[in-house]
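Visitor: Pasting a structure below so you can have a look.
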Amino acid sequence: MHSANHWGGSFEINHGEVPTSGEYDRSRTSEWDGAALYPHQNLDETQQSWLLGPQEKKKKKYVDFGCIVISHKALKWILGSLVVAFCVIGLPIIIATSLPKHKSPPITPDNYSDALHKALLFFNAQKSGKLPKNNGIPWRGNSGLSDGNDTTDVKGGLVGGYYDAGDNIKFHFPMAYAMTMLSWSVIEYHDKYKTIGEYDHVRDLIKWGTDYLLLTFNSSATKINKIYCQVGGHVNGSQTPDDHNCWQKPEDMDYPRPTITCQQGPDLAGEMAAALASASIVFKDDGAYFMKLIKGAQTLFAFARDNGKRSPYSRPYNDIIAPYYNSTGYYDEYMWGAAWLFYATGNSSYLSLATNPGIPKNSKAFYMIPDLSVPSWDNKLPAAMLLLTRLRLFLNPGYPYEDMLQMYHNVTGLNMCSYLHSFHVFNWTHGGLIMLSRGKPQDLQYVANTAFLASLFVDYMNATGVPGWYCGPNYVSSDVLRSFATSQMDYILGKNPMNMSYLVGYGKKFPRHVHHRGASTPNDHKYYSCTGGWKWFNSKNANPNNIIGAMVGGPDQFDQFSDLRDHYNNTEPTMAGNAGLVAALVSLTTTAGNGIDKNTIFSAVPPLYPQTPPPPPPWKP
């Protein structure tokens, strides 16, 4: 047998030629290149490796840093990565920090925030008592330092608070309402107040009012039998010197200013409780003051609910209170005060009262009487029902409150429908002002408060993703209601047939003869007597002091305005009106963004659903 030739080709080394002896010797002594012997053959890698033998491995180079040894290749990657990182991150930072720095331009205020700055100053001008140095009204000074001296149980008297309007009377009923409205606006829009730089200012204004209200009753007690409900006043037909028979600036008052005591009045006590309870949410960051306000609110509301005191506060005073701030009922204050106390304390008994069917029945909340859809110092129904609608929209507490909350929600929607021109519930002037006062004077205070409720309802809908609501069979977009609110504010600020801004100090044309004792009397450091001051009332000249931020009573039903000091229905400002104006303006300004604070008002409210039971104890054998 022949031995196998696995390599192919001839067994012969040289075909036909025999090497010479010298060549043969060289072939024996030299190293042979096996692969070169058969250049005409195609060998696979395995076959070549048999011929060539193992290749020598290339040695890696390393760098020794003493504490670490690293290969050249890894070192190159590390250094390259650092260079790339520097170019991508470090270099731009160096360039950015080396460029000259430019401050971002300040936020340009819109018309509403500009007007808001001014509207708040009205409250500074109305302050009574010993004024702080930073009050900011140069023509105002300390006044009313003897107020309450005819009381025996108030240490230091009833010094402080606010004068209500153009006279020097302190009416506690509308004063409390004004503080409630200011607090409500802060609770809903505190971020806006902060952004435009008015947060501390508005808190100071609220505290000035609530500090005073705490003086008007025994706020350290849990049960009281009286409230001081007014300081100063005028008895119809009287000729003795008083707040109406004298025309004097507050700093010159030297006539008797009696303190009026109310031993009944759930309306007054309910509103004061609302003022203190709402303010407690504003001041929840001040523990001691927060508790003082809560305690005072609870004491007042207990007085309001006393069966033996259920008669309007103004009824015994038909000559000194009723002609100016007569109360027509108190069940609306029950709903209003109970709602605020629920939010302030989380006590569900207040919510149970606010949703008790007897409250809307006695207040005629569901009768759809147009006048009862207009918010004011006397009528809290539309505001209270909106406040409770907020609870349904955001927390939806369900049984046993749902039925009544749903009714409040429905009526709130119908109230909003009544404000729209297309439904013809109220008359409108040709210039576009809704006549909520039904032909009575001083329409703007009702318009401002209504514009706030309308704007706030829109923000509630926006916060819950609801684009509108139904007015009967008609679906109405929330934008329509917002347009109503802005149109009324624009009218007040000058977009009207008179081209007159009814906010003093705003725009180029505004009232110059405001019915106001302090603003009309020169700040010349001279004393003007009770009768001597009337020359300034009768002067045809413009007021020497502009009461910046005062919203006057406004035009008549024909859009006409008389800028005359003796036309007080046109030219006199009020606390209640300006509080509604401030609230409406802060709700509408977009300088500091849009929307409400959904959660702050619920800070004290506990979960309204059954809580999850604790887990069972571990099993033991």
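Each position is counted from 1, following the chain as shown.
Yeah, the Cβs are placed from backbone N, Cα and C, and that goes for glycine too.
Pulled these features from TrEMBL for this protein:
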- HIS515: active site (ACT_SITE)
- ASP563: active site (ACT_SITE)
- GLU572: active site (ACT_SITE)
- 112-585: domain 'Glycoside hydrolase family 9' (DOMAIN)
- 1-27: region 'Disordered' (REGION)
- 77-99: transmembrane segment (TRANSMEM)
Visitor: Show which residues of the chain containing HIS515 (active site), separated from it by at least 6 in sequence, have their CB under 8 Å from its CB.
Guide: GLY166, VAL552, ARG565, ASP566, HIS567, TYR568, THR571, GLU572
Visitor: Can you check how the pLDDT averages out over the domain 'Glycoside hydrolase family 9' (112-585)?
Guide: 97
Visitor: Under 8 Å Cβ to Cβ from ASP563 (active site), same chain, six or more residues apart: give me those in sequence order, or none if nothing qualifies.
Guide: MET500, PRO511, ARG512, HIS513, ASN570, THR571
Visitor: If you count Cβ atoms within 10 Å of the Cβ of GLU572 (active site), leaving out that atom itself, what do you get?
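Guide: There are 21 such Cβ atoms around GLU572 (active site).
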